[in-house]
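Read the structure below first, then the notes.
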Amino acid sequence: MADGFVICIVITVRLQPTNLRLPSYHTEVIKMAFVDDLGLDLFLLAFSAFLLSYGTASVLLSYRKGKGDEVREKMRSLSIPIGTLGLFILLMGMEGEFVWPLPNFGKLGYDILFFDGFSMLGFLLLAAALAINMNRRLEYIGLMSMMFGLTVIFYGAVAYGLRMTEEPFAMFGLYTLFGLSGVAALPASIAADRAIASAKVGRKWIVMTYGYLFFLVVSALAALAIAAPAIASHLASAP
């Protein structure tokens with residue numbers, strides 16, 4: 001990433017006995033290394049996808065065994081880590097939105113590209129955790145996830161057209177995978193609601209939940225594949 005810069009204006013007031021002179025001013029340019037959180041953000045993406053995929057697989061297994069009480073208990077247990085992770089991701093995303101302008105990247109809105117979707121993910125995880133703990137239906141969280149997922153795919157497509165990032169195709173692929181995971185969350189959430197209520201979950205909902213699980217795992221692997229070399233290069237030479 002490019003180096004950032006900060007301009008500090010230092011005001012020195014020289015007091016004279018008559019107190020008639022105006023303050024004198026001088027400017028000083030202080031160059032600072034740009035603090036890049038993208039490596040951590042990518043790992044958080046992978047962690048959230050792996051956590052959701054593990055929880056989904058565990059709940060599916062309990063449902064297939066006919067253990068309705070175990071399904072509810074696993075969902076409540078899952079809500080704690082996804083809520084904590086969601087809050088952290090939301091705070092990181094908002095921090096990036098407000099203080100990550102990337103001045104040396106020209107007019108391209110990299111802060112918008114990277115942190116709009118990241119903030120939406122944190123919001124979704126936090127909302128899902130609250131819904132589970134308050135015994136509310138997950139269907140509406142899934143609907144919101146589908147809308148956010150389509151939005152993320154759109155962001156990736158536009159950014160690919162603008163050739164943003166050093167690897168536009170990899171970026172578009174990552175955004176598409178996470179976007180499809182968000183879309184697939186809607187049928188998975190409907191299946192979860194029925195499983196929690198100890199109702200029969202139709203075969204089509206089970207199949208679509210497996211699709212959701214597939215997209216989550218592939219998304220997590222893609223995020224790790226991009227994050228690992230990024231961390232190595234950043235530790236060797238800070239951006």
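Backbone N, Cα and C define each Cβ position, glycine as well.
The transmembrane segment feature in TrEMBL is assigned to 42-63 (among others).
Among the features that TrEMBL reports, transmembrane segment is placed at 75-92 (among others). Counting same-chain residues at least six beyond the ends of the transmembrane segment (75-92), those with a Cβ under 8 angstroms from any Cβ of the stretch are 37, 40-41, 44, 47-48, 51-52, 55, 58-59, 118-119, 121-130, 132-133, 192, 196.
Among the features that TrEMBL reports, transmembrane segment is placed at 112-133 (among others). Beyond its flanks by at least six residues, the transmembrane segment (112-133) meets 38, 41, 45, 48, 75-76, 78-80, 82-83, 85-94, 96-97, 100, 140-141, 144-145, 148, 151-152, 155, 159, 164, 175, 178, 182 of its own chain at Cβ-Cβ distances under 8 Å.
The transmembrane segment annotation in TrEMBL covers 140-162 (among others). Panel annotation: around the transmembrane segment (140-162), residues 108, 113, 116-117, 120-121, 124, 127-128, 131, 168-169, 171-172, 174-176, 178-190 of the same chain, lying at least six beyond its termini, place a Cβ under 8 Å from a Cβ of the stretch.
Residues or ranges marked as transmembrane segment in TrEMBL: 168-191 (among others).
Among the features that TrEMBL reports, transmembrane segment is placed at 212-232 (among others).
Same-chain neighbours of the transmembrane segment (168-191): 45, 49, 56, 117, 121, 124, 138-139, 141-143, 145-146, 148-153, 155-157, 159-160, 201, 204-206, 208-209, 211-213, 215-216, 218-219, 222-223, 226, counting only residues six or more beyond its ends whose CB sits under 8 Å from a CB of the stretch.
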